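Colleague: Take a look at the following structure, please.
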Amino acid sequence: MAQVRVLHKIMALLPANSIPAMNNSDTRIAGCFLTGIPGLEHLHIWLSIPFCIMYIATLAGNGILICVILSQAILHEPMYIFLSMLASADVLLSTVTVPKVLANFWLGYSHISFDGCLTQMFFIHFLFVADSAVLLAMAFDRYVAICSPLQYVMILTNEVIGKIVAAALSRSFVIMFPSIFLLKRLHYCRINIIAHTFCEHMGIAHLSCSDISINVWYGMAAALLSTGLDIILITVSYIHIIQAVFRLPSKDARSKALRTCGSHICVILLFYIPALFSVFAYRFGGRHIPRYVHILLANLYVVIPPMFNPIIYGVRTKQILEGAKQMFSNLAKGSK
(Lines of atoms letter the chains of each structure in order from A and count residues from 1; the text may use other names and numbers.)
(Lines give C-alpha, C1' and ligand atoms only; values in the text may rest on other atoms or scores of the structure.)
Protein backbone atom coordinates (compact mmCIF):
# COMPACT_ATOMS: atom_id res chain seq x y z
CA MET A 1 0.00 0.00 0.00
CA ALA A 2 2.88 2.34 0.69
CA GLN A 3 4.09 1.92 -2.90
CA VAL A 4 0.59 2.62 -4.20
CA ARG A 5 0.41 5.83 -2.17
CA VAL A 6 3.81 6.90 -3.51
CA LEU A 7 2.64 6.21 -7.07
CA HIS A 8 -0.51 8.25 -6.52
CA LYS A 9 1.56 11.16 -5.17
CA ILE A 10 3.90 10.95 -8.15
CA MET A 11 1.05 10.85 -10.65
CA ALA A 12 -0.67 13.75 -8.93
CA LEU A 13 2.43 15.88 -9.51
CA LEU A 14 2.54 15.10 -13.23
CA PRO A 15 0.56 16.97 -15.88
CA ALA A 16 -2.55 15.05 -16.89
CA ASN A 17 -1.38 14.59 -20.48
CA SER A 18 1.98 13.16 -19.36
CA ILE A 19 0.55 10.17 -17.49
CA PRO A 20 0.43 7.12 -19.74
CA ALA A 21 -2.51 4.79 -19.74
CA MET A 22 -1.87 1.85 -17.43
CA ASN A 23 -3.25 -1.58 -18.13
CA ASN A 24 -2.70 -4.08 -15.31
CA SER A 25 0.51 -2.26 -14.36
CA ASP A 26 2.08 -3.17 -17.70
CA THR A 27 5.45 -1.50 -17.28
CA ARG A 28 6.30 -1.79 -20.97
CA ILE A 29 3.28 0.34 -21.88
CA ALA A 30 3.10 2.68 -18.90
CA GLY A 31 6.83 3.17 -18.43
CA CYS A 32 8.50 3.63 -15.04
CA PHE A 33 8.50 6.20 -12.27
CA LEU A 34 11.80 7.17 -10.62
CA THR A 35 11.11 8.20 -7.03
CA GLY A 36 14.35 10.12 -6.56
CA ILE A 37 15.92 9.53 -3.15
CA PRO A 38 13.38 7.70 -0.92
CA GLY A 39 13.10 9.26 2.51
CA LEU A 40 14.68 12.54 1.40
CA GLU A 41 11.91 13.81 -0.88
CA HIS A 42 11.62 16.97 1.23
CA LEU A 43 15.28 17.73 0.50
CA HIS A 44 15.17 17.20 -3.27
CA ILE A 45 15.27 20.93 -4.04
CA TRP A 46 18.25 21.47 -1.74
CA LEU A 47 20.07 18.37 -3.02
CA SER A 48 19.61 19.59 -6.57
CA ILE A 49 21.90 22.58 -5.89
CA PRO A 50 25.14 20.61 -5.29
CA PHE A 51 24.16 18.17 -8.06
CA CYS A 52 23.74 21.05 -10.51
CA ILE A 53 27.01 22.69 -9.43
CA MET A 54 28.92 19.40 -9.74
CA TYR A 55 27.42 18.75 -13.18
CA ILE A 56 28.37 22.22 -14.46
CA ALA A 57 31.87 21.78 -12.99
CA THR A 58 32.12 18.37 -14.71
CA LEU A 59 31.16 19.80 -18.10
CA ALA A 60 33.46 22.82 -17.74
CA GLY A 61 36.47 20.97 -16.29
CA ASN A 62 36.41 18.02 -18.65
CA GLY A 63 35.56 20.23 -21.63
CA ILE A 64 38.60 22.42 -20.94
CA LEU A 65 40.78 19.33 -20.40
CA ILE A 66 39.72 17.83 -23.75
CA CYS A 67 40.28 21.14 -25.56
CA VAL A 68 43.74 21.55 -24.00
CA ILE A 69 44.80 18.04 -25.04
CA LEU A 70 43.45 18.46 -28.59
CA SER A 71 44.91 21.94 -29.12
CA GLN A 72 48.40 21.35 -27.73
CA ALA A 73 50.64 19.20 -29.94
CA ILE A 74 52.95 18.45 -27.02
CA LEU A 75 50.07 16.57 -25.34
CA HIS A 76 49.42 14.25 -28.30
CA GLU A 77 50.95 11.33 -26.41
CA PRO A 78 49.35 8.02 -25.31
CA MET A 79 48.91 9.09 -21.67
CA TYR A 80 46.99 12.24 -22.63
CA ILE A 81 45.01 10.52 -25.38
CA PHE A 82 43.74 8.04 -22.76
CA LEU A 83 43.06 10.95 -20.42
CA SER A 84 40.94 12.69 -23.06
CA MET A 85 38.99 9.41 -23.48
CA LEU A 86 38.43 9.28 -19.72
CA ALA A 87 37.21 12.89 -19.73
CA SER A 88 34.83 12.19 -22.64
CA ALA A 89 33.39 9.11 -20.91
CA ASP A 90 32.98 11.11 -17.68
CA VAL A 91 31.02 13.85 -19.46
CA LEU A 92 28.75 11.28 -21.10
CA LEU A 93 28.22 9.34 -17.84
CA SER A 94 27.16 12.49 -15.99
CA THR A 95 24.98 13.64 -18.89
CA VAL A 96 23.14 10.32 -19.03
CA THR A 97 22.16 10.60 -15.35
CA VAL A 98 22.23 14.12 -13.89
CA PRO A 99 19.78 15.98 -16.22
CA LYS A 100 17.08 13.40 -15.46
CA VAL A 101 17.82 13.67 -11.75
CA LEU A 102 17.50 17.47 -11.89
CA ALA A 103 14.26 17.23 -13.89
CA ASN A 104 12.89 14.99 -11.14
CA PHE A 105 14.10 17.22 -8.28
CA TRP A 106 13.04 20.54 -9.85
CA LEU A 107 9.96 19.70 -11.88
CA GLY A 108 8.78 16.48 -10.25
CA TYR A 109 8.93 14.84 -13.68
CA SER A 110 9.76 11.30 -12.63
CA HIS A 111 8.24 9.36 -15.53
CA ILE A 112 10.45 7.59 -18.06
CA SER A 113 9.37 5.23 -20.82
CA PHE A 114 10.36 1.59 -20.52
CA ASP A 115 12.61 1.77 -23.59
CA GLY A 116 14.05 5.04 -22.30
CA CYS A 117 14.80 3.35 -18.99
CA LEU A 118 16.56 0.46 -20.76
CA THR A 119 18.56 2.93 -22.84
CA GLN A 120 19.67 4.89 -19.79
CA MET A 121 20.56 1.68 -17.97
CA PHE A 122 22.65 0.44 -20.91
CA PHE A 123 24.64 3.66 -21.29
CA ILE A 124 25.27 4.02 -17.54
CA HIS A 125 26.74 0.53 -17.28
CA PHE A 126 28.46 0.74 -20.69
CA LEU A 127 30.22 4.01 -19.77
CA PHE A 128 31.17 2.75 -16.32
CA VAL A 129 32.82 -0.35 -17.83
CA ALA A 130 34.48 1.84 -20.50
CA ASP A 131 35.81 4.18 -17.78
CA SER A 132 37.30 1.20 -15.99
CA ALA A 133 38.93 -0.02 -19.22
CA VAL A 134 40.47 3.41 -19.84
CA LEU A 135 41.94 3.42 -16.32
CA LEU A 136 43.46 0.01 -17.07
CA ALA A 137 44.91 1.37 -20.33
CA MET A 138 46.40 4.31 -18.42
CA ALA A 139 47.96 1.90 -15.91
CA PHE A 140 49.47 -0.06 -18.81
CA ASP A 141 50.82 3.20 -20.26
CA ARG A 142 52.54 4.04 -16.96
CA TYR A 143 53.86 0.48 -16.67
CA VAL A 144 55.52 0.65 -20.09
CA ALA A 145 56.80 4.20 -19.50
CA ILE A 146 58.50 3.29 -16.22
CA CYS A 147 59.41 -0.39 -16.62
CA SER A 148 60.42 -0.28 -20.32
CA PRO A 149 61.13 3.42 -21.09
CA LEU A 150 63.42 2.69 -24.07
CA GLN A 151 60.70 0.67 -25.78
CA TYR A 152 57.82 3.03 -24.94
CA VAL A 153 57.58 4.63 -28.39
CA MET A 154 57.84 1.26 -30.16
CA ILE A 155 55.20 -0.42 -27.97
CA LEU A 156 52.57 2.32 -27.72
CA THR A 157 52.27 3.26 -31.38
CA ASN A 158 49.19 4.96 -32.82
CA GLU A 159 48.05 1.60 -34.18
CA VAL A 160 48.31 -0.03 -30.75
CA ILE A 161 46.45 2.87 -29.13
CA GLY A 162 43.69 2.52 -31.72
CA LYS A 163 43.41 -1.20 -30.96
CA ILE A 164 43.26 -0.52 -27.21
CA VAL A 165 40.46 2.03 -27.71
CA ALA A 166 38.53 -0.36 -29.99
CA ALA A 167 38.99 -3.23 -27.50
CA ALA A 168 37.78 -1.09 -24.58
CA LEU A 169 34.61 -0.01 -26.39
CA SER A 170 33.94 -3.47 -27.83
CA ARG A 171 34.32 -5.14 -24.46
CA SER A 172 31.94 -2.66 -22.82
CA PHE A 173 29.36 -3.21 -25.55
CA VAL A 174 29.64 -7.03 -25.52
CA ILE A 175 29.34 -7.19 -21.73
CA MET A 176 26.39 -4.82 -21.37
CA PHE A 177 24.30 -5.37 -24.52
CA PRO A 178 22.84 -8.74 -23.38
CA SER A 179 21.34 -7.03 -20.31
CA ILE A 180 18.75 -5.37 -22.57
CA PHE A 181 17.45 -8.74 -23.78
CA LEU A 182 17.63 -10.26 -20.29
CA LEU A 183 15.29 -7.50 -19.09
CA LYS A 184 13.01 -7.60 -22.12
CA ARG A 185 12.37 -11.35 -21.68
CA LEU A 186 10.87 -10.77 -18.21
CA HIS A 187 7.14 -10.45 -17.54
CA TYR A 188 6.26 -7.24 -15.71
CA CYS A 189 3.11 -7.22 -13.58
CA ARG A 190 4.00 -5.14 -10.52
CA ILE A 191 3.72 -1.46 -9.73
CA ASN A 192 6.26 0.27 -11.95
CA ILE A 193 8.10 2.33 -9.34
CA ILE A 194 11.92 2.34 -9.23
CA ALA A 195 13.19 3.64 -5.89
CA HIS A 196 16.16 5.39 -7.46
CA THR A 197 17.15 8.53 -9.34
CA PHE A 198 18.13 6.62 -12.49
CA CYS A 199 17.53 3.24 -14.12
CA GLU A 200 19.94 0.41 -13.39
CA HIS A 201 19.86 -3.29 -14.22
CA MET A 202 18.65 -4.82 -10.96
CA GLY A 203 16.29 -1.94 -10.24
CA ILE A 204 14.41 -2.73 -13.46
CA ALA A 205 14.62 -6.52 -12.91
CA HIS A 206 12.96 -6.19 -9.49
CA LEU A 207 9.85 -4.78 -11.17
CA SER A 208 9.28 -8.19 -12.72
CA CYS A 209 7.23 -11.03 -11.29
CA SER A 210 9.37 -13.55 -13.23
CA ASP A 211 12.40 -15.42 -11.91
CA ILE A 212 15.34 -13.00 -12.12
CA SER A 213 18.07 -15.46 -11.07
CA ILE A 214 19.71 -15.22 -14.50
CA ASN A 215 19.81 -11.42 -14.21
CA VAL A 216 21.41 -11.64 -10.76
CA TRP A 217 24.10 -14.06 -11.88
CA TYR A 218 24.69 -12.15 -15.10
CA GLY A 219 25.14 -8.91 -13.18
CA MET A 220 27.69 -10.49 -10.86
CA ALA A 221 29.57 -12.14 -13.74
CA ALA A 222 29.63 -8.91 -15.76
CA ALA A 223 31.02 -6.97 -12.78
CA LEU A 224 33.70 -9.58 -12.05
CA LEU A 225 34.78 -9.98 -15.69
CA SER A 226 35.01 -6.24 -16.30
CA THR A 227 35.61 -4.05 -13.25
CA GLY A 228 36.88 -6.88 -11.04
CA LEU A 229 39.42 -8.03 -13.62
CA ASP A 230 40.49 -4.43 -14.30
CA ILE A 231 41.16 -3.84 -10.60
CA ILE A 232 43.35 -6.96 -10.41
CA LEU A 233 45.35 -5.99 -13.52
CA ILE A 234 45.76 -2.37 -12.38
CA THR A 235 46.98 -3.59 -8.97
CA VAL A 236 49.51 -5.96 -10.58
CA SER A 237 50.70 -3.16 -12.90
CA TYR A 238 51.29 -0.79 -10.01
CA ILE A 239 53.11 -3.41 -7.96
CA HIS A 240 55.59 -3.72 -10.84
CA ILE A 241 55.67 0.08 -11.30
CA ILE A 242 56.45 0.73 -7.62
CA GLN A 243 59.17 -1.93 -7.64
CA ALA A 244 60.70 -0.35 -10.74
CA VAL A 245 60.49 3.17 -9.27
CA PHE A 246 62.37 2.22 -6.11
CA ARG A 247 65.09 0.58 -8.20
CA LEU A 248 65.83 3.88 -9.94
CA PRO A 249 69.29 5.18 -8.94
CA SER A 250 68.39 8.87 -8.81
CA LYS A 251 66.22 10.38 -6.09
CA ASP A 252 64.98 13.02 -8.55
CA ALA A 253 64.00 10.31 -11.03
CA ARG A 254 62.07 8.48 -8.30
CA SER A 255 60.26 11.66 -7.27
CA LYS A 256 59.34 12.49 -10.87
CA ALA A 257 58.03 8.97 -11.52
CA LEU A 258 55.98 8.99 -8.33
CA ARG A 259 54.49 12.40 -9.18
CA THR A 260 53.58 11.15 -12.65
CA CYS A 261 51.81 8.10 -11.23
CA GLY A 262 50.31 9.98 -8.28
CA SER A 263 47.62 11.68 -10.37
CA HIS A 264 46.56 8.38 -11.90
CA ILE A 265 46.45 6.64 -8.52
CA CYS A 266 44.24 9.44 -7.12
CA VAL A 267 41.83 9.08 -10.07
CA ILE A 268 41.76 5.27 -9.68
CA LEU A 269 40.93 5.51 -5.98
CA LEU A 270 38.32 8.21 -6.62
CA PHE A 271 36.67 6.04 -9.26
CA TYR A 272 36.70 2.61 -7.61
CA ILE A 273 36.29 3.31 -3.87
CA PRO A 274 32.80 4.96 -4.02
CA ALA A 275 31.61 2.37 -6.57
CA LEU A 276 32.89 -0.61 -4.59
CA PHE A 277 31.61 0.81 -1.30
CA SER A 278 28.19 1.28 -2.88
CA VAL A 279 28.16 -2.29 -4.24
CA PHE A 280 29.30 -3.92 -1.00
CA ALA A 281 27.02 -1.76 1.12
CA TYR A 282 24.08 -2.83 -1.05
CA ARG A 283 25.04 -6.53 -1.05
CA PHE A 284 26.02 -6.97 2.58
CA GLY A 285 24.56 -4.04 4.49
CA GLY A 286 21.19 -3.71 2.82
CA ARG A 287 19.20 -4.27 6.01
CA HIS A 288 21.36 -2.05 8.20
CA ILE A 289 22.11 0.92 5.93
CA PRO A 290 19.14 3.18 5.01
CA ARG A 291 17.98 3.03 1.40
CA TYR A 292 18.67 6.73 0.84
CA VAL A 293 22.36 6.16 1.71
CA HIS A 294 22.64 3.59 -1.11
CA ILE A 295 20.97 5.98 -3.57
CA LEU A 296 23.19 8.91 -2.55
CA LEU A 297 26.33 6.79 -2.94
CA ALA A 298 25.22 5.61 -6.37
CA ASN A 299 24.67 9.22 -7.43
CA LEU A 300 27.95 10.43 -5.98
CA TYR A 301 30.07 8.00 -7.97
CA VAL A 302 28.61 9.28 -11.25
CA VAL A 303 29.28 12.96 -10.44
CA ILE A 304 32.22 13.23 -8.02
CA PRO A 305 34.96 11.37 -9.97
CA PRO A 306 34.07 13.16 -13.25
CA MET A 307 34.20 16.51 -11.44
CA PHE A 308 37.54 15.92 -9.68
CA ASN A 309 39.46 14.14 -12.45
CA PRO A 310 40.31 17.31 -14.45
CA ILE A 311 41.15 19.14 -11.22
CA ILE A 312 43.56 16.39 -10.13
CA TYR A 313 45.29 16.21 -13.50
CA GLY A 314 45.29 19.98 -13.97
CA VAL A 315 46.91 20.64 -10.59
CA ARG A 316 49.33 17.69 -10.49
CA THR A 317 50.39 17.49 -14.16
CA LYS A 318 52.70 20.30 -15.23
CA GLN A 319 52.26 19.66 -18.97
CA ILE A 320 48.47 20.05 -18.76
CA LEU A 321 48.72 23.15 -16.60
CA GLU A 322 51.17 24.73 -19.05
CA GLY A 323 49.02 23.63 -21.97
CA ALA A 324 45.95 25.27 -20.43
CA LYS A 325 47.86 28.53 -19.91
CA GLN A 326 49.06 28.42 -23.52
CA MET A 327 45.56 27.71 -24.85
CA PHE A 328 43.95 30.57 -22.90
CA SER A 329 46.84 32.86 -23.87
CA ASN A 330 46.25 32.09 -27.55
CA LEU A 331 42.51 32.68 -27.11
CA ALA A 332 43.17 36.04 -25.44
CA LYS A 333 45.50 37.10 -28.25
CA GLY A 334 43.00 35.98 -30.86
CA SER A 335 40.18 38.02 -29.31
CA LYS A 336 42.18 41.27 -29.51
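Placement of Cβ uses the backbone N, Cα and C atoms for every residue, glycine included.
TrEMBL annotations: computationally assigned, not manually curated.
Below, the features straight out of TrEMBL:
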TRANSMEM  52-75  transmembrane segment
DOMAIN    61-313  domain 'G-protein coupled receptors family 1 profile'
TRANSMEM  81-109  transmembrane segment
TRANSMEM  121-140  transmembrane segment
TRANSMEM  160-183  transmembrane segment
TRANSMEM  231-249  transmembrane segment
TRANSMEM  261-280  transmembrane segment
TRANSMEM  292-315  transmembrane segment
Colleague: Where else in the chain does the transmembrane segment (121-140) make close Cβ contacts, counting only residues six or more beyond its ends and a cut-off under 8 Å?
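Modeller: Cβ under 8 Å, 6 or more out: 79, 82-83, 85-86, 89-90, 92-93, 96-97, 164-165, 167-169, 171-173, 175-177, 179-180, 183, 198-201, 204, 222, 226-227, 230, 233-234, 237-238, 264, 267-268, 271, 275, 302.
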Colleague: Checking distant contacts: for the transmembrane segment (231-249), what same-chain residues at least six beyond its ends satisfy Cβ-Cβ under 8 A?
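Modeller: Counting only partners 6 or more residues beyond its ends, the transmembrane segment (231-249) has Cβ contacts under 8 Å with 135-136, 139-140, 142-143, 146-147, 257-258, 261, 265, 268, 272.
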